[in-house]
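The structure appears right after this line, and notes come after that.
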Amino acid sequence: MKLPAVNPTQTKSWKALENHFNAIKEVEMSTLFSEDSSRAEKFTIKWEDFYVDYSKNRITEETMQLLLDLADEVKLKEAMASYFSGDAINHTENRAVLHTALRASASSEVFVKGENVIPGINQVKEKIKDFTQRIVSGKQIGFTGKPFTDVVNIGVGGSDLGPAMVVDSLRYYKNHLNAHFISNIDGDHINETLEELNPETTLFVIVSKSFSTQETLANANTVKSWFLKTGTQQDIEKHFVAVSSNIKKVKAFGIHQDNIFAMWNWVGGRFSLWSAVGLTISLSLGFSNFEKLLLGAQKMDTHFKTEDFKSNIPVVLALLSVWYNNFFKSETEAVIAYSQYLNKLTSYLQQGIMESNGKGVDRTGKPIQYQTGTIIWGEPGTNSQHAFFQLIHQGTKLIPVDFIGFAQSLYGNQAHHDKLISNYVAQTEALLHGKKKADIIKDLEAKNVAQETIERILPFKVFKGNKPTNSIFINKLTPGSLGELLAMYEHKIFVQGIIWNIYSYDQYGVELGKQLANTILSEIKEEKTSVHDTSTSQLLAHYKSFK
Ligand SMILES: O=P(O)(O)OC[C@H]1O[C@](O)(CO)[C@@H](O)[C@@H]1O
C-alpha cells in the first residue's frame, strides 16, 4: 500500500492548532503547573523501565487532543501498518523499510514481495553469533596463530555511526577486544588508527551496504595495502570480513564468500545497526548483549505498534516536536544525555533525523510550504551546561530539549550520580520557571548589593523560563534499554515524516556533492578540466598551489 498523502496544513486539526496556538502561545507553564496539581502525572508515561515526563511543555490537554487528532487525520495508524508489514513505503526507491524485522522474534513472519524475510535474518544472526564466538573465544586466530585483540570497523554514515555509538555507549559491557572505527576519508584519521594496531592480531570489518562508497572503499584499500606489508594475499581471508548487500562487489574486492555477512536493500543505512552492520557491536560486547539490544528495540516496536497514541512514547514525542517546529517555529532541538556513555548519541541521531526528514518536497512531489526536518544537536550534561546552556536559558531562540538520564549509575558511584542527576533535574526546573526580577532583587539584597548595582545588572540576570523539556528517565543503561531508546527515536522520525507528508527513507540530497567531488578529484589529478564558478576555480587553484 502507498502511504496516504495528506497535506497536514489542510487538515481540520492543523487549523484548530493554529487558533489554539494563538490562544496559548504566551501562557506560562509555571501557571499551568500551579493551576493543576495533577499536571505532572497527567503528562507522564511510565512504560517498562522508562519514565517519560513531558509535563514541562507548553501544552494543555487541548493541545494534546488536537495533536492526536492531527495524527488521525494524516492516517498515522494506517501508515504504521504499512511500515511494519513490509509495504514499499520508501516509495522513491521502491523499497520496504524493515529495520523492525531485524529485531522481530525468530518465529514471526514479515513478507517483502511475497517472501518471508525472517528466515534469512535468522540465518545471518546465526552467522554473526558463530563468528563472534570464534573470534572472542580465540578459536579463530590471525595469520601468525595469535588470537585477535583488535577489531576495526571500516564504514561511514550508517555503516559507522550506529556501531560506533553503541560500542561506545555500552563499553561497560565490553569484552577484551578493542574496537576502532575508521570512517573519514581523511588520511590522518586512518594513519592515527593504524599506528595503534598490529596486523597479526587485528580483524577488519568492512561495512558498506552499497559497497561503492568512496570513503569506505578508499579506506579499505589503504588498510589492505598496510596489511599486505606484513601478511600475504592468502592471509586476507583470515583478517577481512565484509557486511554488504552488494555481494558481487565485495567478492571483487577480494573477500571470501564465507566472510560476507549479508544485508538487504530494505534496511536503510541509518537504521542498520540491528543487521550485520552491528557485527562490531557483537564482537565487542558479545553476541548475547547484541541480542539484548535487539530485544530492547523489539519491545519498543511492540509498544509503538500497540499502545494507544495518547500514551505512546514515540507518538507523543513526535507530536510535541511538530508542535514546536511548526507552530512555535523552533529551529532546532537539543538532546542532552546525563551520561558520558551517550557521548556519541547526538551524532548518531543527527543522521537518523536529518537524513530522513530533511526533505522539501511532499509525497505528491510538490514543494512544501511548511517546516520539516528538525535540526538536532547536543552534548552530554553536565559538560554542555558549561558550554552552551547560556543560549538555551537566555538566548532569543526557543529550543526544546530532551533530557535523558539513568536512575542508576553503572559503577554505583552514588555521590557522583546524585550530583549528576541533581543537575539534570535542576536544569529542567530552571528552564521551566526561569528567574523573575523580584527573586533576583531579593537574592541581591540579601547579599547587600548596592541598589544602584542591582538596577544596573537586573535585566541581564533575568531568566524568562517557559522553555520546554522532555525528561526521559530510564532505570539503567543496559543493552536492552539502549535498544529501547534508539527504537524510540526511530519511530519518532517515522511519525514526523508521516505528519509532514514526506518520504523519510531516501537520501537523494547527499548525492550531488558526491558527484561533484568525483569531477573535482579528476581535476586535482589533472585528468580532466571542467568549468566552475570563479569561487570554486579559485579554491581549486589555491589547493593545487600546495602540490
Ligand atoms: O553503507 P554505504 O552504502 O557505504 O553508505 C554509507 C552511508 O552513505 C549514505 O548513503 C549517505 O551518503 C548514508 O545513507 C549511508 O549510511
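Note that Cβ sites are derived from N, Cα and C of the backbone, with glycine treated the same way.
Here's what TrEMBL has on this protein:
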- Glu355: active site, proton donor (ACT_SITE)
- His386: active site (ACT_SITE)
- Lys514: active site (ACT_SITE)
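In this structure, the C-alpha atom of the residue listed as 'active site, proton donor' lies 15 angstrom from that of Lys514 (active site).
His386 (active site) carries a helical DSSP state (H, G or I). A Cα-Cα distance of 37 Å separates His386 (active site) from Lys514 (active site).
Close to Lys514 (active site) in the fold, though at least 6 residues off in sequence, lie Gln214, each with a CB less than 8 Å from its CB. In the three-state DSSP scheme, Lys514 (active site) is classed as helix.
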